[in-house]
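Visitor: Pasting a structure below so you can have a look.
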């Protein structure tokens, strides 16, 4: 039976000094011997998804203490991708995932904590904490800050649902007046919480439900709704129970690596494909699997993407549908329930709150439960009042959306599309694969041939798009923006948003070794692997080359002969794999350290150290 890790610092004559320091934090004689639970918070006033978390760590801490544990809170960093976007700040976003994972590992191992509650929300914070949980393999429960309410605005007599992406697209559209842009900007992000569509933050918080590491509703319950408080309260009690089950009863089924095994990762990826999650989730799922030693890779994602249909379309794929609508339709447990009916989910994986995922679905799927509590929970609605305060409203929908034929969440028999929401493409331009969010691609361009317009950076691409260098039928190629080449693998939301604003959203394609915001839609293909900086063929594309994209057949190819590609490769090897012209980019020592060990996107952009 494993001993509590914390005994290392709380027991024995030689630990008198450590106990003295513990006492200085408020611990008493009666606390030594209780499980010490790390409350891993990520409060910051920089990020709307985290601005309301300040007091929530202490809410969880009090519940831990009431359940018989000792709670010790600390904070991680949190980068807002939307604020960091469009300038060199975006170079820091993906590397911050590793800093977060490292900081959690450092704090938990340095102080010998027994278990942890991870309070996350936005783009790299949930993945960073997930990586840490898989590394540490101690009992862990995830509880996020929740999604923000969708913006609502009346424009020219019509009520429109808004989010962050609408503000960006409107700002670049010359046909929209300055006054309308201001109205959209002021209404797009009305409350605290993670941005309201199926963007990266919400996608990842939904996936923790499928992995079995968070409570039902974690991904969809609004940050402002009073129902969300229950998740924090329950997390505090639950983690003490999990710690006792492991350390006192030798129950390894409560450990992250047991819960999030390969079958659980397949469940999570199936959910991701069905709900049309952000392409960034592929990076983060691959990274978490790597950290936990789980044999799950691009070939598994490719296999699943060929059989899992798209059951839900949420902004940016469907602009009038947001996370509050997903919640009303039953949230993630409903999507998992529909997948389970189709034989596309493994019911036998463990969760932190039920014996198995199948048990959780039976209890929490609104189309099969008899629980009025569950039905009321999923009626939680937006309050419609701008606020930065958590749990500040208790509005409810009059009814639930259970329409499996035409509602927000569809059945396997009547999906939005038989093809899932994400796909892996292979070809001579991406031998190790690349990713496209098919849920956001118009059916008319699922097959696309176009001429390459090549840019050596996102900045150059933005300038070119706004300068009308790109026309209908083109394929924009943005390279040297991968994990090493950027460094940091910037998101390309501005180029895709500007293509939309120029009326080219359904007339062009974009391929990059960088990545995309969860807010991106259109024929946007990212994560081209190997990246240009590692000798990937995306670095061999030349202006005017024909590129052929075939999503139904999962291929992407540069229509150049093998002999010509070999000649270009030999020439590039002599020059070195770097942009043709120097870029005005401040690459600091911290970023260089990340780039030195970063792998390509097909490996999750994790750091791989030489043997």
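Think of each number as a place in line: the chain as shown, counted from 1.
Glycine is no exception: its Cβ is also placed from the backbone N, Cα and C atoms.
Among the features that Swiss-Prot reports, active site, proton acceptor is placed at 517. Marked as Mg(2+) binding site by Swiss-Prot: 81, 123, 124, 491. If you look up Swiss-Prot, you'll see 122, 195 marked as [2Fe-2S] cluster binding site, on the strength of sequence analysis. Positions annotated as N6-carboxylysine by Swiss-Prot: 124.
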Visitor: What other residues of this chain sit with their CB within 8 A of the center of the CB atoms of 81, 123, 124, 491, the recorded Mg(2+) site?
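Guide: Once 81, 123, 124, 491 are set aside, the remaining close residues are 79, 84, 90, 93, 94, 122, 200, 201, 280, 517.
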Visitor: Using Cα coordinates, what distance in whole Å links residue 491 (Mg(2+) binding site) and residue 195 ([2Fe-2S] cluster binding site)?
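Guide: Rounded to the nearest whole number, the Cα-Cα distance is 16 Å.
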Visitor: Cα-Cα, whole number of Å: residue 81 (Mg(2+) binding site) versus residue 517 (active site, proton acceptor)?
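Guide: Taking the Cα atoms only, residue 81 (Mg(2+) binding site) lies 8 Å from residue 517 (active site, proton acceptor).
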Visitor: For the C-alpha pair, I'd like the distance in angstrom between residue 124 (Mg(2+) binding site) and residue 195 ([2Fe-2S] cluster binding site), rounded off.
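Guide: A Cα-Cα distance of 14 Å.
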Visitor: Among 122, 123, 195, these being the binding-site residues, pick the one whose CA is nearest to that of the residue listed as 'active site, proton acceptor'.
Guide: 123
Visitor: For residue 81 (Mg(2+) binding site), just give me the three-state DSSP call.
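Guide: The residue in question, residue 81 (Mg(2+) binding site), is helix (DSSP, three-state).
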Visitor: Please report how many Å separate the Cα atom of residue 195 ([2Fe-2S] cluster binding site) from that of residue 123 (Mg(2+) binding site), as a whole number.
Guide: 10
Visitor: Going by DSSP, give the three-state secondary structure for residue 124 (Mg(2+) binding site).
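Guide: DSSP call for residue 124 (Mg(2+) binding site): coil, neither helix nor strand.
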